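One structure below.
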Amino acid sequence: MEPGATTPHVPKKRGRKPKPKEDQQQQQQQSAGARLKEGKKAQQPSIDDKYTQWKSLVPVLYDWLANHNLVWPSLSCRWGPQLEQASYKNRQRLYLSEQTDGSVPNTLVIANCDVVKSRVAAAEHISQFNEEARSPFVKKYKTIIHPGEVNRIRELPQNSKIVATHTDSPDVLIWDVEAQPNRHAVLGATNSRPDLILTGHQDNAEFALAMCPTDPYVLSGGKDKLVVLWSIQDHITSSATDPATKSPGSGGSIIKKAGDGSDKAADGPSVGPRGIYSGHEDTVEDVAFCPSSAQEFCSVGDDSCLILWDARAGTSPAIKVERAHNADLHCVDWNPQDDNLILTGSADASVCMFDRRHLTSNGVGLPVYKFEGHKAAVLCVQWSPDKASVFGSSAEDGLLNIWDYEKFGKKTERPTRAPSSPAGLFFQHAGHRDKVVDFHWNASDPWTVVSVSDDCETTGGGGTLQIWRMSDLIYRPEDEVLAELEKFKSHVVSCASKP
């Protein structure tokens with residue numbers, strides 16, 4: 001049976017909605033309007049008020065923002081390679097998914113995104129968007145019909161045209177997105193064939209997925225409580241390590257095919273694990289590699305544990321932090337610029353920062369900092385690729401918070417800052433009206449973020465994809481900003497004095 005085919009859908013954790021059953025679809029469509037009105041009366045005022053307030057501040061807070069309405073929710077969004085640079089904008093690949101209700105196939109979408117350069121967009125332009133419209137900056141380039149819904153997408157750092165996906169199955173699927181044919185997602189269409197299948201899990205592996213920054217290694221975790229490691233080094237041609245040798249859409253996969261090319265494996269060649277690591281006592285929810293080593297990685301799970309592993313020392317935990325949080329852990333990220341620092345996000349609505357130098361093998365270790373600014377389960381954490389102390393966290397409360405641990409505990413004399421503002425928090429993206437299930441910093445365009453929300457429960461829509469960049473006046477050094485603003489002081493004063 002293909003993953004996600006006809007098995008009854010069990011609602012997952014992490015804010016996932018259950019897929020509507022076929023016999024309920026008609027009834028749901030008929031009552032959608034009524035439910036929307038009732039829902040708005042019951043719970044929308046606070047959400048709408050906050051959103052309206054946020055939208056009025058967009059010209060002040062943001063250098064650029066693009067709002068893209070999605071027909072279907074997407075559970076993952078990732079930046080791909082930069083394709084071209086122009087005077088005022090850069091074109092870049094964007095990967096996302098469509099999680100459908102079964103009336104059309106689930107898909108992996110490759111889009112082209114025009115990223116407007118810093119200080120180019122006009123303030124009135126970025127604030128005048130229609131929530132129900134699709135952004136002209138995001139255009140679908142290719143559709144892959146995915147066997148089952150796409151829960152997680154990760155790109156290979158050695159070649160970002162190769163991506164891995166997690167679905168409701170034990171397998172990890174590897175795709176060469178440039179070589180894959182473009183498909184039309186209609187009911188009854190056959191699934192696209194993965195270029196490579198990674199086997200080794202004994203139960204569904206739905207969310208925990210990571211690609212190694214230093215080598216073509218893939219890491220996964222699942223309901224079988226296991227962490228599984230693969231090397232795909234031998235399955236990628238030499239062109240994979242040099243994207244410049246292959247132009248987009250030039251045809252021919254950069255994944256080596258198994259055997260003599262007679263297509264023995266109908267679903268594509270498969271690869272067994274390099275190592276299987278056991279130490280969790282419940283579902284593994286997320287995994288991350290140490291940025292400087294393919295042999296060191298970490299994982300978090302529903303057992304509230306953070307585990308550090310070293311493949312050179314065997315398949316047992318190197319360090320196990322028994323109660324990293326007071327609830328399930330949903331996400332983890334390892335600082336790319338300081339490999340001692342690890343972030344964890346939890347259902348307890350907090351984010352913790354651990355220093356591995358302060359952890360011991362007997363499970364003792366307290367976080368260096370605990371960041372408390374969300375009001376619901378944290379679903380995603382990620383360090384900024386630009387500044388070592390900055391990271392983002394998104395949650396079921398609809399917020400994407402940007403933090404700087406260097407500001408933690410520092411008193412501010414600025415009267416504009418609310419006294420109740422959580423320590424370390426310096427920016428809050430409130431443009432989504434439902435749970436923010438994923439976001440990704442853009443390594444090619446500093447301080448630019450793509451984020452996606454599943455809007456089914458609140459607005460009745462599918463999802464919202466937003467690409468945004470906060471004003472640089474927010475994060476630049478204060479003396480630098482004041483010096484720049486001083487240049488405009490006389491102009492502002494003269495404008496204010498005019499009748």
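Glycine residues also receive a Cβ, built from the backbone N, Cα and C atoms like all the rest.
Taken from TrEMBL as is:
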- 10-19: compositional bias 'Basic residues' (COMPBIAS)
- 35-47: compositional bias 'Basic and acidic residues' (COMPBIAS)
- 257-266: compositional bias 'Basic and acidic residues' (COMPBIAS)
- 1-47: region 'Disordered' (REGION)
- 239-277: region 'Disordered' (REGION)
- 277-319: repeat 'WD' (REPEAT)
- 322-355: repeat 'WD' (REPEAT)
- 371-406: repeat 'WD' (REPEAT)
Local confidence of the repeat 'WD' (371-406) - pLDDT mean: 96
Three-state composition of the repeat 'WD' (322-355), taking helix and strand from DSSP: 0 helix, 17 strand, 17 coil
Spatial neighbours of the repeat 'WD' (277-319) far in sequence, C-beta under 8 Å, 6+ residues away: 13-14, 205, 207-215, 217, 219-223, 225-229, 325-337, 339, 342, 344, 346, 354, 356, 359-361, 363, 365
The repeat 'WD' (277-319): DSSP-derived helix, strand, coil residue counts: 3 helix, 20 strand, 20 coil
Helix-strand-coil residue split for the repeat 'WD' (371-406), DSSP-based: 2 helix, 18 strand, 16 coil
